[in-house]
Structure formats: C-alpha cells, structure tokens
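Here is the structure we will look at, set down as structure tokens.
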Amino acid sequence: MDVEKVERKEVEVDDDGRVRTGTVWTATTHAITAVIGSGVLALPWSVAQMGWVLGPIALIGCAYITYYTAVLLSDCYRTPDPVHGKRNHTYMDVVRSCLGPRDVVVCGLAQYCILWGTMVGYTITTATSIMAVARTDCRHHRGHDAACASSGTMYMVVFGLVEIVLSQFPSLEKLTLISVVAAVMSCTYSFVGLFLSAAKLASNHGARGTLLGVKIGAAAGVSASTKTWHSLQALGNIAFAYTYSMLLIEIQDTVKSPPSENVTMKRASFYGIGVTTIFYVSLGCIGYAAFGNAAPGNVLTGFDEPFWLVDVANVAVVIHLVGAYQVYAQPIFACYEKWLGARWPNSAFFHHEYAVRLPLSGGGRAARFTMCKLVVRTAFVAATTVVSLMLPFFNAVLGLLGAIAFWPLTVYFPVTMYIAQAKVAPGSRKWVALQALNAGALVVSLLAAVGSVADMVQRLGHVTIFQTQL
C-alpha cells in the first residue's frame, strides 16, 4: 500500500519538478475568462458598421483564425518535440526557443504595447461606464428626455488613483482574489447586455439593420470616408474581442499529463473559443437587430430601463476593469523593475525595502515596498491616465489595440513558430497556405489600424482635450 502511494505521488510530479492539476475543463474555463472582456461591449456597433452580410462573417472568421492559430501554438509549448520536448512556460519562452533572441525583442515590444494600450482602453471604458450609471439614474428620476450630460474626467482621475494604490501590491500572485472577482464580473455584464438586447429586440416586434450596415448620405449624417474608417475600425474591435494567444501558453502550463498537454489544450481551445463565438455572434447580431444602424459604441449605454439592471451591468464593468487593469499592468512593472534593478544593483532606491505596519491587521502584518515601486509605478499609472484623458475614444482605442495585436501575436508568431517547429518545407502546399494566412492577417491589421487612427484624428477636431463626454 505504501509503495502504491509513493508511485502515485511520483506520477503527480512533472518532469520540471512542478505539480500540475489542470484539466481540459479548467483550461476551458481559463480560456473563456481570457477571451471575454470589455471588447464584447463594442460588438453590436461593430456589426452595425458592416451590416448583416460582413458583420457575422467577420465574427466567425476572426474566431476561426484565433482557434486555428491556437492549435498551432499549442504544439509549440514543448520544443523541439510537441510531446516530449522541453517545456516553455510563457509566450516569450516559446518565441525564444523556436525563433531566437531577435524575435524575442520584437515580440516583447508588441506584447508590452498591447498591455499598456489595454490599460489606456480600460481607463476610458471605466469612465464611460460610470457616466452611464449617472445618466441612467438621472433619466430615471427626471424623465427619459432630460438632459443628463456628465463629464468623465473626474472618474478617470479617481480610477487612476485607485490603480496607483493597487499597483503597490508586490506581484500578480497577491491579486488572485481580485482576478477571480473580475472574471465573475465580466460574465455578469456580458450576459446582462445580451439579455437587455434580446428584450429590446422583442419589444421592437422585428429585426432592424441593413445588409451593408450604416448608410452613406446626408440623411444618415455619415460620409463615405467616415463609413470606410468605421468599417475598418470595426474589424479591429472584433479582433480585440478575440485576444487570446498571449495567454494560451500560460494556461497550457497549468495542464497535467497524460494525455499530452497539446492534446488537452487543443480541446480546451475548441470548447473555449466555440462557447465564446456563440456568445459573441449572439450579442453582436441580437444587439444589431435591436438597435439597427444606431447601435451605440458601448451597448450598455443604449439602455435606460430597467435602470437598476443597467446599473448592475455598468458597475460590474467597473469592478472587472479595476482588477483586470492590474493583470495587464503587473507584467510591465515586473519587466522594467527587473531591468532597473540589474542596471543599478547597489542602489537603495531600487533595492532597499521599507515596511509600514498595517493598522487593522491582527497579526501585525506590514506592507513592504521599495522607493522604485512607490515612485515609478505611481508615475507610470499617472502617465497612463493622462494619455487616456487625451484620447477618450472607446471604439477607436479598442480598434487600434485589436489591429496591433491581431497580426503579430495571434497570427505571425504562432504560424512562424509552427513552421520552424514542424519543419514545414518552403514551397509546400501547407507552407503556402500558412504564409497566405499570414499575409491576409497583416493586411487586415493594417487596414484596421488605419481606420482607427483616421477616426481618432477626425474626432480630435471635434472634442476638447481632457473633457470626456458620453
């Protein structure tokens, strides 16, 4: 009996000395949590820009590309053999093993740009949601025709102050509870948005919308250039909603074997992206059918009643983004603090740790920090808040983030690493197909980036800097 226990215990320890307990179902849960985020709120608007023909095609097409490249990336978790090779614990480790140090620099720049850009987007989204709560409550008490304008500048500043406090946590592991709450909140506001859209569609007694989306003309108030930019921007929004590849390797690193990790992760990606796609297509299409070409940029801002349910959804967005902001910020903090610490190994500013006893902790616990963390993290979050105040464009920022992330992180690196790992022969049919996918994704990303930037430039001529309006 004792021998059997020892053998069972040895089986549970993996080849790198770690104990992994993840299954296809835990990986599926992580995948769904990783994909579903604030980008879902822009889907009805995105479908409205492209219409009933191109909108659903874009939603399903981005989903398929995300799944296909996730399958390729799953085979690169171990190198050089996908089953028995050396483990790679992060996306950057896979790039280093398959492509070399030069590509690691490019990948790192792309990843950290996306992380920081998402922090900007989350700051804007939070202000939008708080303004929506204020407007909904105002209209509920004063009437739906009441002028209930409010500025989001103060809300962004308050959100920045909250994030400055949370940024002083030593590492991401200390934020586990916040991350769990954030995941629950993302599901809450997503399903409320779907429910409210379905209820509005039912009350309309018919679906709205057109085959090609928002119409061009003086009557609609939309020029040909605006229609073009918005349609391209919508592609970026949809691509941002499916952001997943950056976190796939980290999720796969939690999975136990047998069966081999790549087999389990492929199934988890299929289930996770499949469930997400059904939900995205439902919300995007039902939301468009409910609002038609007048679909709002953030679907939750299109509802006033029932005011309490709308408020619950918007508050859930705020709670989610308070935690999710740190999930994206902490890797940036860890990166530059590691570099600065190595650059000045004897500096007290970077290495001397201060302790402040917490007044309400029964065990005499203390908060520990270095001056580098206190000063530089505070300055970084403050600078991010200032940039958010200067660019208060929810859809344009999401579109630009999707454009930046889609080609390099979702398509180029997974495809290129798979070609190197599987030794796909240049000129073969499979090689040509993969390179065609690569080129097509690059074109889509460039077009989406151009549309988002053009929309920002166009909007900057009609807004006042540091005055965020709903």
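Using the three backbone atoms N, Cα and C, a Cβ is placed for every residue, glycine included.
Automatic, uncurated: that is what TrEMBL annotation is.
The model shown is predicted, which means the values in this text are computed figures rather than measured ones.
Per TrEMBL, the features are:
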type	residues	note
DOMAIN	20-457	domain 'Amino acid transporter transmembrane'
TRANSMEM	24-45	transmembrane segment
TRANSMEM	52-73	transmembrane segment
TRANSMEM	109-134	transmembrane segment
TRANSMEM	146-169	transmembrane segment
TRANSMEM	175-197	transmembrane segment
TRANSMEM	270-291	transmembrane segment
TRANSMEM	307-328	transmembrane segment
TRANSMEM	374-394	transmembrane segment
TRANSMEM	400-420	transmembrane segment
TRANSMEM	432-454	transmembrane segment
Surrounding residues of the transmembrane segment (109-134) on its own chain - C-beta under 8 Å, 6+ positions past either end: 38, 41, 91-92, 148, 150-153, 155-156, 159-160, 243, 246, 298, 300-301, 310-311, 314-315, 317-318, 321-322, 324-325, 328-329, 331-332, 335, 384-385, 387-388, 391-394, 397-398, 400-401, 404-405, 408-409, 468, 470
Candidates 146-169, 374-394, 432-454; stretch with most C-beta pairs under 8 Å toward the transmembrane segment (52-73): 432-454
Contact between the transmembrane segment (374-394) and the transmembrane segment (146-169) (at least 3 Cβ pairs under 8 Å, separation 6+): yes
CB contact flag for the transmembrane segment (146-169) and the transmembrane segment (400-420), at least three pairs under 8 A: no
Tertiary contacts of the transmembrane segment (24-45), as residues 6+ beyond its ends and Cβ separation under 8 Å: 59, 121-122, 125, 183, 186-187, 189-190, 193, 197, 234, 237-238, 240-244, 247-248, 251-252, 254-255, 264-265, 267-269, 271-273, 275-276, 279-280, 283-284, 286-288, 290-291, 295-300, 317, 320-321, 324, 394-395, 398, 402
Chain residues in Cβ proximity to the transmembrane segment (270-291) (below 8 Å; excluding those fewer than six residues from its ends, i.e. six or more beyond): 24, 27-32, 34-36, 40, 43-44, 46-48, 52, 55-56, 59-60, 63, 66-67, 70, 190, 193-194, 197-198, 200-201, 204, 207-209, 241-242, 244, 299, 302
Cβ contacts under 8 Å made by the transmembrane segment (307-328) with residues that lie 6+ beyond its boundaries: 37-38, 41, 115-116, 118-119, 122-123, 125-126, 129-130, 132-133, 136-137, 139-140, 159, 162-163, 166-167, 169, 172, 175, 178-179, 181-183, 185-186, 188-189, 192-193, 196, 300
